[in-house]
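As structure tokens, the structure follows; a few thoughts come after it.
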Amino acid sequence: MFYLKLAVNNIRQSFKHFAPFFLVSITTFMFSSITLLIMLSKTAKTMGTGSFALGLAYIVLSIFSAIMCFYSYHFFLKQRNQEFGLYNILGMNKNQIIWLSTIELLIIYAITMLLGVVFSLIFANIFYLVFVNLIHYNNLNFSVNSIAFVINIILFSGIFFLLELVNIFKIRKTSALNLFSNQSQGEREPRGNIILALIGLLAIGYGYYLSISSAHLSALTGISRFFQAILAVILGTYLFYISFMTWYLKFRRKNKSYFYKPEHFVNTSQMIFRMKQNAVGLANITLLAIMAFVTIFSTVALYSSNNSLVNDTYPKNSRIEFIKIDKPKEAEEVINHNVVQSLKKTYPNFNKNFAQYKSASFAIPYNNQKNINVQPSFVANAYAHLDKVASIEVITQKDFRKLGNKLPKLSKGQVAFYDYNQNKSFSFSGINWLGRYYKKGYTIKKVKNVALSNMGIPAGILIVSDEQTLADMLTVYNKNTQRKVSYNYKAFADLSNKEQKVLTDFFTKNKGQFTKQGHTIYTNFTTAKEFREEGLKMTGGFLFTGFLLGIAFLLGAALIIYYKQLSEGTQDKRSYQILQEVGMSLKQVKKTINSQIVLVFFMPLILAIMHFLFALPILKKLLLNFGVQGDRFIYTVSVLTILGILIIYFIIYKVTSRTYYKIIER
């Protein structure tokens, strides 16, 4: 009972030391619980990929929670070393100190679970409303699933158990004298290894190079390069702060005209003396900031591009597609007879036309060369080298014009081409198609009533002179591959909601199957509205995930900054008092303090923005896998992301810098 009263009294009297750890524990518990509650809701279960994104977010938040709790608790223990040392001098042995700190940790755990559950219940409804608005879900059906809290309590029980082990280890390994004096122990001056500094700069440069030079790669192969760039930049960032910054500060110290000014003398000396400790923290802030940039940018871009993707895939609001058919005429008969007749049974005056065309899709080699060379060796294993493959959809000029597109007459052996990605030219002058040469006569800049596919590889529409050319290309291609290519047939029309309902029932009844000349052909009917809703479920889930993770990463950065200001303020207070006593004015002291705070705060942000800007080329490539393209759109989203995070970061700066000033001026 004595230890319980002492523990409660300690928490009450020293709450300012306990508060940051309370805040971290409760906030991370709340974010994790809210994510789980929404992931387990009935709404999320209908989302498919979007639900997977929430599951991924929970895993990331779990790891992040553990890291931030350990970081916060480590700092918390360091702040209390002197207090524990005093207990030891007053007669308490290490086992008693451990027991006292264990009771305190149990109290913190209980309060964290209680307040975490309460705040989760309060904010979960708000977050759920944000979530359903993002995915445009109208049927609000949110109920609290107790399993979410059970899972999260088990997770945090494990985290707090590990914190207890850290607590026991730290107290047991430290002598009584060190317990009392450890709080004020300084770091030895780091060496600032020039070789490691150069390695750090080279690693960052290599990561930047991987991103910038990704323009010629396909979006699919860009994934592996992206992870290589991440590893290089992470290594380079740590070495930049640990070795390069130390070397740079020592280099500035050698410049006597710069160093022997009061504000530079104090600031440079302090930064060198504690750079080993500061370096890791500054690197962590930089990496958390860039994680926030990339996460928020990617998910906002993905969500915002949904309408563009719908418009490309559905030139009209209703789509009928036949996949892998041998006789396109049969598909045309299904549209003009079966489909139209089903509509006329309900609406006798129905007279809308379907924009329809046949095509065939091929994988071809592409190396930015003048002529595309389709050889048997490539066709036999077309997707073996994703960085050298492109996709083309071939249609006839007759169908292309019938869809309402303008095109000069193509002669035999002549082709025209439309590039899906209008921001980067898929350029060639001709195609050698397995021994037959087709010369490109025209480049088309705009098409209508054609479904466009935003792909992760170079792709486009190839228009040929006649049906025989298309048939010949198909025949000779299939002779050289086991992955046979067949015709596709698409039809589009703008139908009313009631007409769409008639076709939905018709295709459901027939299971999308029609018998023609003794064999079955398969088709499906979809609408732009359904596609948009499915897209919003996926991208909305990703955006909500990005929103949660972005906030978590920024809170992590804010926490590290706060602890840095708190610890450095405590250490610097006595130093600045001595400087004032030996003649430095209060104005000079404040100028020195401001210089150091600006360095600690804004150097990580500037480096994070640099990382983000250099990452944009490869991020654009990766977003192509999800159909996101358009330089103006991507750059607009990136600028808005930077501005948003700058505002949040500046607020963090204003709030946490007050802590430093208050400690110094106290």
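Backbone N, Cα and C define each Cβ position, glycine as well.
Taken straight from TrEMBL:
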TRANSMEM  21-40  transmembrane segment
TRANSMEM  52-76  transmembrane segment
DOMAIN    57-175  domain 'ABC3 transporter permease C-terminal'
TRANSMEM  97-127  transmembrane segment
TRANSMEM  147-169  transmembrane segment
TRANSMEM  190-209  transmembrane segment
TRANSMEM  229-249  transmembrane segment
TRANSMEM  279-303  transmembrane segment
TRANSMEM  542-563  transmembrane segment
DOMAIN    548-652  domain 'ABC3 transporter permease C-terminal'
TRANSMEM  597-618  transmembrane segment
TRANSMEM  633-652  transmembrane segment
The transmembrane segment (597-618) in contact with the transmembrane segment (279-303), cutoff 8 A, at least 3 CB pairs, sep 6+: yes
Chain residues in Cβ proximity to the transmembrane segment (190-209) (below 8 Å; excluding those fewer than six residues from its ends, i.e. six or more beyond): 228-233, 235-240, 242-250, 272, 275-276, 279, 614
Interface check, the transmembrane segment (21-40) with the transmembrane segment (633-652), three or more C-beta pairs under 8 A: no
Reported mean pLDDT - the domain 'ABC3 transporter permease C-terminal' (57-175): 83
